[in-house]
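Trainee: Let me give you the structure first, and then I'll get to my questions.
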Amino acid sequence: MTDTTAPIAQKSGPRVSGALHRLLAFSGLIALVVVFSLASPNFMQTQNVLAILQATSVNGVLAVAATLVIITGGIDLSVGTLMTFCAVITGVILTYWGLPLPLGVLGAILAGTAVGLVSGTIIAKLKVPPFIATLGMMLILKGLSLVISGTRPIYFNDTPGFTQIAQGSLVGAVIPALPIPNGVMILFAVALLAAFVLSRTALGRYTFALGSNEEAVRLSGVNVDRWKIAVYATAGAICGVAGILIASRLNSAQPALGQGYELDAIAAVVIGGTSLSGGRGTVLGTLIGALIISVLANGLRILSVAQEWQTVVTGTIIILAVYADILRRRTL
Amino acid sequence: MTDTTAPIAQKSGPRVSGALHRLLAFSGLIALVVVFSLASPNFMQTQNVLAILQATSVNGVLAVAATLVIITGGIDLSVGTLMTFCAVITGVILTYWGLPLPLGVLGAILAGTAVGLVSGTIIAKLKVPPFIATLGMMLILKGLSLVISGTRPIYFNDTPGFTQIAQGSLVGAVIPALPIPNGVMILFAVALLAAFVLSRTALGRYTFALGSNEEAVRLSGVNVDRWKIAVYATAGAICGVAGILIASRLNSAQPALGQGYELDAIAAVVIGGTSLSGGRGTVLGTLIGALIISVLANGLRILSVAQEWQTVVTGTIIILAVYADILRRRTL
Amino acid sequence: MTTPLVEMLDIDKSFPGVRALSRACFELLPGEVHALMGENGAGKSTLMKILSGVYTRDGGTVKLDGKPVEITSPRQALDAGISIIHQELALMRDLTVAQNIFIGREPRRFGILDEAALNRDARAIFAQMNLKLEPTVRVETLTIAKQQMVEIAKALSYRSRVLIMDEPTAALNDAEIAELFAIINQLKSEGVGIVYISHKMDEIKRISDRVTVMRDGEYVGTVPAADTPIDTIISMMVGRTLSNETAAITDTSRNPVALEVRNLRRGRDIRDVSFELRRGEILGFAGLMGAGRTEVARAIFGADRREGGEIWVGGKRVGISSPQDAVAAGIGYLSEDRKLFGLATGLDVRNNIALASLARFTRAAGVLDDAGMHQAAEKYIRQLSIKTPSDTQEARLLSGGNQQKVVIAKWLLRDCDILIFDEPTRGIDVGAKSEIYRLLNQLAADGKAIIVISSELPEILRLSHRIAVMCEGRLTGILPGGASQEEIMRLATLREPAMEVRHAG
Amino acid sequence: QENYDIALISKGFQHQFWQAVKAGADQAAAELGVTVTFEGPESESQVDRQMDMLAAALSRGPDAIGFAALDSQAATPLLQQANDAGIPIIAFDSGVESDIPLTTATTDNVAAAALAADKMAELIGEEGKVAVVAHDQTSRTGIDRVDGFVNRIEEAYPNIEVVTVQYGGGDQLQSTEITKSILLANPDLKGIFGANEGSAIGVANGKQELGSEVVVIGFDSGAAQKGMVESGLMAGAITQNPVGIGYETVKAAVAALNGEELPEVIDTGFYYYDASNMTDPEIAAVLYD
Ligand SMILES: Nc1ncnc2c1ncn2[C@@H]1O[C@H](COP(=O)(O)OP(=O)(O)OP(=O)(O)O)[C@@H](O)[C@H]1O
Ligand SMILES: Nc1ncnc2c1ncn2[C@@H]1O[C@H](COP(=O)(O)OP(=O)(O)OP(=O)(O)O)[C@@H](O)[C@H]1O
Ligand SMILES: [Mg+2]
Ligand SMILES: [Mg+2]
């Protein structure tokens with residue numbers, strides 16, 4: 001951060017930017033890692049670290065999608081079932097229709113984009129609150145996934161190489177000591193791309209501006225509706241990527257899965273320091289938030305903590321993480 | 001979330017109060033009932049009407065709790081798992097400890113109130129956004145219910161008469177032709193009480209005032225934090241009632257149930273015309289919203305509509321109901 | 001000598017980036033109407049918010065009846081007998097009038113709200129104020145003036161010993177003001193001390209006993225109202241005698257027409273407004289609060305819907321149905337409320353300046369040219385002397401005047417031919433104000449067409465080449481620059497539909 | 001013969017196991033010329049939703065009802081109501097603790113899981129550590145299968161230790177992550193039992209992603225699981241006969257409507273299958289896709 005000493009009297013301490021919070025969340029992550037490493041020798045094994053990363057990949061991608069929407073001041077409850085819907089679309093394209101792999105991938109991303117366009121339009125044009133529009137969309141997609149798939153999983157056995165999308169390791173092929181699964185690399189790629197869009201493109205700039213003061217953006221002559229729809233469409237496309245990821249990991253499109261995933265995604269976003277009231281947030285924070293969730297889950301399992309307590313701990317950490325963020329802002 | 005450019009004076013046309021919308025939602029309900037009655041002769045049978053009412057009771061009570069919170073401009077994602085938590089507490093009191101029935105009922109309501117106090121305090125004092133505070137609380141309660149119950153259902157076989165709380169019919173004992181289950185009467189009682197609290201007590205007045213302009217309430221010398229906590233505590237107490245209801249219906253406290261129920265409750269509230277941005281809402285509307293949901297579910301089942309399509313229809317109706325409300329406000 | 005009701009000594013108060021009060025003093029006697037005067041941002045509201053428990057002071061002493069007190073919440077202030085009518089309306093729009101008035105003090109019977117008593121009490125207060133208002137209507141359906149009356153009724157209902165009125169008449173008409181003054185005189189005779197804040201000089205003379213003047217958060221002095229000439233008070237406020245210097249009015253009547261508005265209509269807000277604006281011209285819009293000037297500007301800009309009327313830009317009719325269309329047609333609008341409508345407070349200075357021009361900085365694949373934006377921002381930071389450590393400073397951390405400059409820079413960068421400035425100097429200090437005047441004159445000299453909406457007559461008089469006056473949604477006249485205040489006020493209160501156009505020279 | 005209307009209320013809907021039950025029911029319906037509807041809640045924890053479904057089915061006035069109780073106590077009043085209305089009830093999948101149902105078409109889950117324990121013991125040489133990944137901590141099938149497996153190990157195989165039982169809600173992805181954590185926490189683990197289809201697939205997935213050699217025994221069938229057994233990723237699995245359950249339920253309902261006598265229990269059986277016997281006609285008949 002650049003020099004922030006304003007000429008006007010800044011009596012209450014030096015200003016610290018979002019960097020500190022990212023550090024806070026980051027130090028939370030470090031703290032968890034340290035605790036778990038000390039508690040179990042198995043925790044820091046390469047394989048377990050890779051397992052944690054792989055476990056982060058799907059939720060991480062969904063959380064990146066949710067980040068975009070939340071920065072505009074909206075919310076997207078449909079990310080989980082949209083992911084499933086896209087997976088099913090891929091299944092239809094590859095297995096039912098027998099088309100080549102790239103078309104399946106494209107199909108999932110297009111399907112996600114199309115659904116995002118619809119949600120965005122309902123929100124921007126019909127002025128239905130995001131909570132309701134995406135809640136309704138969540139249910140619609142859940143039903144449609146079952147309808148389209150005929151309520152049974154669609155397997156990708158006829159598409160050799162499909163499982164390699166998430167489970168293979170291009171990195172491992174080059175550096176055998178570092179077999180990072182492709183799924184993880186895809187998460188990083190999506191995150192990098194989203195971070196680039198947020199910080200370097202007009203879409204990103206409007207995403208922040210909408211969350212900061214939508215009316216001011218409108219009165220600046222900007223076509224607010226169009227950009228809002230674009231944000232939901234982008235988030236939808238990212239959910240399409242998540243759909244491919246989960247389908248590849250499970251070698252199947254599981255039509256019944258997905259509901260409930262939205263809460264994990266939103267939790268990752270919020271733990272990562274993105275404000276639910278919009279206008280601020282970072283993809284890096286979201287990644288850290290998603291990692292905190294997976295590290296917690298993995299660590300508590302490695303320590304064989306009873307499952308019922310895992311939930312309690314997770315709930316508590318979510319509240320504490322947000323409270324820490326609030327405290328920080330108040331004391332600044 | 002609402003349009004902030006609306007000019008101050010509403011000069012255009014006569015003002016119509018919430019009555020019209022209640023009528024709108026109500027006519028939606030009537031429309032559904034008419035359609036289903038025509039489609040199936042079984043729909044309007046006394047037994048089925050009672051089944052619909054019974055199916056509304058638990059979600060209806062939860063929705064009343066959510067209504068209070070939403071009118072303040074907040075949200076409560078924990079209503080479902082709090083209900084379960086309270087049911088488990090009743091189970092512990094009645095079955096594990098063998099205490100008398102009234103203590104079990106009291107225990108559930110007190111537990112609900114206590115949890116509401118905690119959520120309210122986290123929101124009012126620590127300024128954690130309601131979404132996060134109640135999301136965290138949802139997870140915590142989900143885990144605690146499993147912990148306390150030992151992850152198995154607690155049955156009430158040793159408490160004779162426990163099932164009568166929801167399943168018996170005092171009305172039926174007096175008027176045999178009208179065997180309305182007690183559960184339904186309890187829903188009506190809770191709704192009446194909540195409507196009374198909202199319209200006739202200071203708590204209700206501040207509930208609306210907080211959702212309308214929290215800062216103005218603060219400037220009027222009102223202890224905003226205290227009343228906000230009181231609203232969450234009241235909502236918690238109502239969830240306690242829902243806990244007793246569901247336990248009595250199932251003759252058991254099912255510790256794994258509850259997550260996901262919050263969305264149904266919020267949907268009922270919103271379909272009933274209560275604004276998610278706070279300040280306005282009615283318990284009557286919520287009841288109608290909850291009835292619409294049960295009538296839809298029951299009617300689609302009576303018509304033997306495939307289950308996957310039921311979800312799609314429900315999602316669509318939620319979006320349409322809210323859109324109708326928005327259209328109405330815009331044209332007024 | 002009576003003990004003062006209130007004594008405030010050496011009060012200090014700072015907000016991040018702003019020193020609002022510095023050793024400010026104030027004293028209020030029982031049965032006195034004490035006017036508190038000063039320019040925008042002088043610290044009047046802040047001082048009174050400290051007295052009424054909204055803010056806590058950083059330093060100094062507050063005494064009630066000669067005894068030091070700590071007032072840390074609105075509740076405590078009310079309990080101590082201090083009530084306040086806030087400058088910004090603080091009403092719960094979803095509640096009824098009566099419910100608003102008695103919020104926190106609802107009459108109860110057996111713990112149950114006594115709605116009948118509530119409405120009865122409200123009605124009694126309205127009767128006392130000679131106000132026709134139904135206690136059971138919802139506040140959001142009321143006009144701003146009625147809402148202001150509700151605020152007044154609410155403050156009166158506390159029956160406090162100290163009543164603070166922060167610009168209570170800003171939205172009222174003459175009859176309502178007369179009623180208010182009658183009530184004030186009544187309260188005065190009952191020994192209530194009243195703090196009266198207003199920018200209307202005539203009111204000060206009519207109602208107040210003493211005047212305390214503040215400047216830049218500091219105490220300047222206290223003088224008896226009756227014996228002190230207005231000019232003296234003004235010079236105490238601004239720190240010098242204001243020379244009524246106005247730039248020589250250039251004749252722009254032969255310049256090409258930049259904007260023509262024909263028969264603009266919307267219900268009772270905008271009633272058949274037509275006017276022309278020429279290049280190089282500054283057209284001032286005068287009128288009382290609620291006259292509909294903002295409505296006209298927003299309708300031209302496409303921010304609100306309109307029911308009829310044509311807009312011609314540069315001789316061509318343009319269809320404007322959204323701000324986007326207006327900006328495309330070369331019209332920029334600086335809103336009267338920069339916090340609500342002007343500034344994306346979470347974004348930095350650079351992005352706020354570029355907000356209306358992002359398309360220009362968008363390269364292939366939607367990538368933004370941040371270097372170009374940086375250069376543009378730096379240019380305006382220099383040109384408008386915006387005080388900011390860098391163009392990456394968050395806009396919300398700037399002082400009000402500098403925020404306003406950022407919004408102005410946004411429209412300069414967009415390079416619109418027609419600029420509508422709605423209350424451009426609201427909340428801006430004297431120095432910044434004259435900088436903005438200089439800038440507006442410069443823009444006009446460069447051939448831009450400018451509309452300035454202002455509630456401050458001196459500002460209108462100083463800037464305008466011509467002056468359009470509005471009353472109740474109608475354009476009641478267009479006067480040449482340099483017209484007298486009396487003439488403007490006559491048109492501003494001209495209620496019958498008549499249009500007068502007097503040509504200059 | 002009349003066109004009877006038979007309502008089946010099951011414990012689930014989207015899961016392949018229940019879809020196979022539905023397929024069996026549909027098959028019987030077609031053969032016997034009756035109409036069948038099939039419904040079930042989202043998850044096996046939603047006991048009250050199942051009650052609402054049962055109530056709606058009762059209102060429809062079907063000729064017979066097939067019911068797989070999530071919690072038999074909770075359903076008693078509604079079953080009583082059906083009984084009073086003269087609607088015959090056939091229980092399926094797991095028993096209803098009540099004498100109202102005329103018969104029960106079921107699998108003995110405890111015994112089935114015990115068989116899985118025996119096979120596991122055999123495959124790992126009767127000693128070492130094993131783990132269980134199950135679908136649900138509170139549902140009847142979840143409890144029975146975990147208990148059946150764990151108790152059998154404790155009784156019969158003193159040298160085998162069940163190190164942990166974890167629950168993944170039957171969600172393949174979550175079960176995968178759980179399995180990986182278990183494997184990484186217990187490098188010397190010999191075997192894992194996945195207690196339903198989703199859990200079993202998740203376990204096999206986790207094994208594959210880590211390249212582990214652990215012995216996996218699954219439960220139920222389905223295309224994915226069959227493929228895993230074929231390829232040896234999964235040593236074998238227990239299968240119930242869901243198609244048979246659905247078929248027998250409808251058949252029993254029609255028999256009851258025709259006034260025929262019914263046995264108390266129709267055991268539809270369970271089998272252990274592995275790569276060697278999958279194609280046996282007897283086994284192939286009970287496996288579903
Ligand atoms: N909450 C706040 N945060 C930051 N700065 C503030 C805040 N409130 C007031 N200020 C600043 O404090 C100074 C004094 O403001 P104040 O509202 O007291 O002025 P005023 O004399 O009432 O002006 P006006 O005549 O416009 O009402 C101004 O510079 C203003 O920008
Ligand atoms: N919905 C609203 N709620 C609260 N205040 C409002 C609302 N709409 C407008 N106002 C404020 O009420 C005042 C009256 O505005 P209006 O647009 O009616 O008149 P005007 O001719 O623009 O007068 P002025 O420019 O003096 O405010 C303005 O200060 C405006 O900001
Ligand atoms: Mg002020
Ligand atoms: Mg205005």
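Here the Cβ of each residue, glycine as well, is placed from N, Cα and C on the backbone.
OK, TrEMBL features for this one:
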TRANSMEM  B:20-39  transmembrane segment
TRANSMEM  B:51-72  transmembrane segment
TRANSMEM  B:79-99  transmembrane segment
TRANSMEM  B:105-124  transmembrane segment
TRANSMEM  B:131-150  transmembrane segment
TRANSMEM  B:170-198  transmembrane segment
TRANSMEM  B:229-250  transmembrane segment
TRANSMEM  B:283-303  transmembrane segment
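How buried are these features, and what lies next to them?
Mentor: For the transmembrane segment (B:79-99), same-chain residues at least 6 beyond its ends with a Cβ under 8 Å from one of its own Cβ atoms are 58, 62, 65-66, 105, 107-109, 111-112, 115-116, 137-139, 141-142, 144-145, 148-149, 154-159, 162, 235-236, 239-240, 242-244, 246-247, 252-262, 265.
When Cβ-Cβ distances below 8 Å are used as the criterion, the transmembrane segment (B:105-124) is approached by residues 74, 76, 78, 82, 85-87, 89-90, 92-93, 130, 133-134, 137, 141, 165, 224-226, 228-241, 243-244, 247 of the same chain, each at least six residues removed from its ends.
Among residues of the same chain six or more beyond the transmembrane segment (B:170-198), those with a C-beta under 8 A of the stretch's C-beta atoms are 50, 53-54, 56-58, 60-61, 64, 67-68, 71, 164, 204, 207-208, 234, 238, 241, 245, 248-249, 282-284, 286-287.
Non-local neighbours of the transmembrane segment (B:283-303) in the same chain are 18, 21-22, 25-26, 28-29, 32-33, 35-36, 39-40, 42-43, 48, 51-53, 55-56, 59-60, 63-64, 66-67, 187, 191, 194-195, 198, 264, 267-274, 309-310, 313-314, 317, 321; each lies 6+ residues outside the stretch with a CB under 8 Å from one of its CB atoms.
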Trainee: So if I exclude everything within five residues of the ends of the transmembrane segment (B:131-150), which remaining residues of that chain have a CB under 8 angstroms from its CBs? That is, six or more out.
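Mentor: Long-range Cβ neighbours of the transmembrane segment (B:131-150): 75-78, 80-82, 84-85, 88-89, 91-92, 115, 118-119, 122-123, 253, 255-256, 258-259, 262.
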Trainee: The transmembrane segment (B:229-250): which same-chain residues, six or more beyond its ends, come within Cβ distance under 8 Å?
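Mentor: Tertiary neighbours of the transmembrane segment (B:229-250) are 54, 57-58, 61-62, 64-66, 68-69, 72, 74, 76, 78-79, 82-91, 104-105, 108-117, 119-121, 123-125, 153, 156, 162-167, 183, 186-187, 190, 194, 197, 203, 206-207, 210, 257.
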